[in-house]
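Visitor: After the structure tokens below, expect a handful of questions from me.
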Amino acid sequence: MLNRVRRTKIVATLGPSTDKANNLEKIILSGANVLRLNFSHGSSEEHKKRAKKAKEIMFKLNCHIALLGDLQGPKIRISKFKKNSIFLKVNDVFILDANLNEKNGNNERVGIDYKKLPNDLNVNDILLLDDGRIQLKVIKIEKCAIFTKVIIGGILSNNKGINKLGGGLSADALTEKDKKDIILASEIDVDYLAVSFPRCADDLIKARELLKKSGSNAQIIAKIERAEAVFDQNAIENIILSSDAIMIARGDLGVEIGDAELVGIQKKLIRTARKLNKVAITATQMMESMILNPLPTRAEVMDVANAVLDGSDAVMLSAETASGKYPSETVISMAKVCKGAEKVPSINVSRHRLNVEFQSIEEAIAMSSMYAANHLKGITAIITMTESGKTALMTSRITSGLPIFALSKHKKTLNLTALYRGVIPIYFDSDKDGVEAANEAIILLCKKKFLFNNDLVIVTQGDIMGKIGKTNTSRILRVTY
């Protein structure tokens, strides 16, 4: 029987730290399952080099890891100050001026990069700058100038972000830079593309259309960052159904809805994504102290563990691996926490979709197989022989504590399944069909020391290998050799 394998996946962001020495290979060997290219930072050439190097390492290590391109989106920012920063006191009047030159900010006013901001605001609106560290109340709007009173002061430096409490800013989800980066993502051949600040399903549909037009079939991740996206259950479901996965980007989302609300929203988003057969990534400041320190705080350990207990498919590292001093150590620490949390019995039981009508034969096979896995004593693994990865995804929506092996001859499919909770991608190419192919798959997994004599496994497959959407069979087989 296979020893316990970590089920929750780890997304690691690439950057200057992973460019050094052999740090990129180290984070892969330490347990990174998805490599994120953050298009908010770095040049297109840097991203191309990182993607090329990552693929070379994957080939060398014979492993399957997903590449994720992350669009910057319409991050609304102040411009620059003459002296780089100012100090705002409580009750000061401070002006955000759309007409002010980019580098002429002073103690009284600063420019803004989103010129339509005055049109989106009303008197008494609260603006949150620098992730909420500075708070301003709108007291007057005159043409292009927003007059505010400082509620919470402090140091304000160049190019800090602006959010509106409760959301409602109308900036388009896809900027001109994003459209260029979609082409870059296609050239790099990413497996996933994350769309920042989508307000509704239409933003994601447009991104998918542009991606396909550029020649890519990458899957779309909706980054949940705006208050509008979580306004009610209907808004949440519309966003999730229009994407292939969601990323709970807790930084901007927490600023817009408040940290206290964020706790319940995180759980609701993960629960809804799983219910709708979608993938959920929990992100932002998960082990931020490890940017400078070799060990996480206990609060960070609990945060990661709770994301695992909530049912996240993956937990994400940002600056910790991109620019931190301890990139591989951070991945190792996160992996340990995930495995620890996964020992909790309550997360290995699921009633997912037991009371709903299945939408396809594939889903019926996947759900019945997982029901059998959870109720037949002695099952040690699930094997899904898959062309597109869809059956592997659906089986991974039910929590069982058992490893799910996704076997495919398509490397793109294997890369996609690297993000799914509990799924282990394995390259497999057979000219056999039916039980002969199933037995070949078992032999391969035995050779790789994943299965052992007398193990009991469930195999899902189609009658004919090599056809997408044809999974119609589930077998329970005993390993004998």
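From the backbone N, Cα and C atoms, a Cβ is placed for every residue, glycine too.
Quick caveat, the model's predicted, so the values are computed rather than measured.
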Visitor: If I go by Swiss-Prot, which of Arg4, Arg77, Arg199, Arg208 binds ATP at the same site as Asn38, Phe39, Ser40, His41, Lys160?
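Guide: Given Asn38, Phe39, Ser40, His41, Lys160 bind ATP in Swiss-Prot, the matching entry from Arg4, Arg77, Arg199, Arg208 is Arg77.
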Visitor: Need one residue: from Thr284, Thr297, Thr321, the one Swiss-Prot lists with Arg36, Gly251, Asp252 for substrate.
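Guide: Only hit among Thr284, Thr297, Thr321 in Swiss-Prot's substrate site, alongside Arg36, Gly251, Asp252: Thr284.
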Visitor: Looking at the recorded positions Asn38, Ser40, His41, Lys160, Lys223, Glu225, which ones sit with their CA no more than 10 Å from the CA of Gly251 (substrate binding site)?
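Guide: Checking Cα-Cα distances against Gly251 (substrate binding site), the recorded positions within 10 Å turn out to be Glu225.
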Visitor: Within 10 Å of Asp70 (K(+) binding site) (Cα to Cα), which of the recorded positions Arg36, Asn38, Phe39, Ser40, Lys223, Asp252 do you find?
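Guide: Hits: Arg36, Asn38, Phe39, Ser40, Lys223.
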Visitor: Tell me the coarse DSSP state (helix, strand, coil) of Asn38 (ATP binding site).
Guide: strand
Visitor: Express the distance between the Cα positions of Phe39 (ATP binding site) and Lys223 (site 'Transition state stabilizer') as a whole number of Å.
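Guide: Phe39 (ATP binding site) and Lys223 (site 'Transition state stabilizer') have their Cα atoms 14 Å apart.
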Visitor: Using a 10 Å cut-off on CB atoms, tell me which of the recorded positions Arg77, Lys223 is the least crowded.
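Guide: Least crowded of the recorded positions Arg77, Lys223, by Cβ count within 10 Å, is Arg77.
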